[in-house]
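Taking it in order: structure first as structure tokens, then the write-up.
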Amino acid sequence: MNWWTIGSLTVPASQIAMVIAFLLAALILWLKKERLMLDVYGNAVFVFIFTWKLSILLFNFSIVKQTPLSLLYFNGGWKGVWLGAALALMYLAWRCPREKYMLAAWVWMLVLIVFGMADSLLTGQAGVLAFLQFAGGVALLAIPRREAGRTVWLLTLWQLLFMSLADELFSPSSLLYVSVACFFTFIGRRKHVG
């Protein structure tokens with residue numbers, strides 16, 4: 001894992017990439033004047049980060065009990081990511097208007113694409129494959145938003161292709177991508193049924 005030093009703070013490159021992706025998606029929603037979605041998106045991101053960061057209380061309480069300042073430095077790891085993602089998606093299903101579900105799926109794809117490229121750049125692994133993955137993702141974002149329910153699967157398969165080339169096909173992140181794609185498929189179908 002690569003680390004970056006910002007002042008006296010040392011931060012993993014993946015967390016910086018995550019912040020970049022979240023902020024860029026928020027900026028695009030703001031520029032598109034999607035105020036309601038920006039509010040829902042901002043709250044979902046807050047729920048995710050808050051849950052992920054504090055999930056160490058659930059999964060490693062003994063560390064927090066011995067050193068309370070560990071709350072500042074540690075997080076719940078992949079278990080925390082899963083818990084945070086589950087709560088953020090539940091919040092999204094609860095608060096996102098039905099007519100904005102496809103926009104929410106599009107924003108997820110944007111975050112995923114920007115995170116992948118930012119992480120590659122920050123870790124010094126931005127080669128031809130990373131740029132090809134990014135270019136394919138951006139091309140998929142150009143598909144009309146009303147097709148985002150299908151496009152999210154195309155993007156997920158595109159990401160899984162590149163993860164398989166890096167021997168990460170059966171990793172927690174690939175399982176998370178598939179789970180989120182299933183979520184958007186479910187809420188997209190629910191929109192048409194009910």
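Our numbering is plain: 1 for the first residue shown, then up by one each step along the chain.
In case you wondered, yes, glycine gets a Cβ from its N, Cα and C as well.
Here is what TrEMBL says about this protein:
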| type | residues | note |
| --- | --- | --- |
| TRANSMEM | 12-31 | transmembrane segment |
| TRANSMEM | 43-64 | transmembrane segment |
| TRANSMEM | 76-94 | transmembrane segment |
| TRANSMEM | 101-118 | transmembrane segment |
| TRANSMEM | 124-143 | transmembrane segment |
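Within the chain, the transmembrane segment (76-94) has long-range Cβ neighbours (under 8 A, six or more residues past its boundaries) at 40, 43-45, 47-56, 58-60, 104, 172, 176, 179-180, 183, 187. Beyond the ends of the transmembrane segment (124-143), by six or more residues, the same chain brings 2, 106, 109-110, 112-113, 116-117, 151, 154-155, 158-159, 162, 165 to within a C-beta distance below 8 angstroms of the stretch.
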